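A.B. asks: As annotated in TrEMBL:
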- 9-135: domain 'DUF2231' (DOMAIN)
- 15-38: transmembrane segment (TRANSMEM)
- 45-66: transmembrane segment (TRANSMEM)
- 78-100: transmembrane segment (TRANSMEM)
- 112-131: transmembrane segment (TRANSMEM)
Amino acid sequence: MQSRLRLGGHGVQPLLLMFPLGLFWMAFVFDAATLLGAPAMVGTLAFWNIVAGLIGGLLAAVAAGYDAVTARGPAAARIGFLSLLLDVGVLIVFAVLALLRVRGPDRAVEPGLLLLEVAGLLVAAFGAWFGGRFADPRAPVAEPVR
């Protein structure tokens, strides 16, 4: 399945997807550090990483939706919509996490929410693998630096 939305010969959706994945992962690291005794400000930083990841994830979901709608053939459309469904599911999990954390004074995580965050990260990792597995193998690749 080749992305129809391209920038510089590369699909836009995979480029946009890396930002929320990185931000969600760093939020997990900051939350784990907060539970292990780091200052409360680290928990607040994790909250804002989640918010920024949600914004980037919405942009990636729009690009994935465009790719799914403009896919050629029913098999490619099915794969595109399944990938989009996984991505939107991850966004819902992290949006719930953000909404539950707004009530706290430091927006710090509780141990139960950290488990939900881990589940969201596992689904995000699977979604990134699933979407990348069906990428076009003929897409241009940068030459290695020698």
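Every residue gets a Cβ built from N, Cα and C, even glycine.
Keep in mind the model is a prediction, meaning the values are calculated, not measured.
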A.B. asks: Averaged across the domain 'DUF2231' (9-135), what pLDDT does the model get? Just tell me the whole number, please.
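C.D. replies: Taking every residue of the domain 'DUF2231' (9-135) together, the mean pLDDT is 87.
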A.B. asks: What are the DSSP helix, strand and coil residue counts for the domain 'DUF2231' (9-135)?
C.D. replies: 106 helix, 2 strand, 19 coil
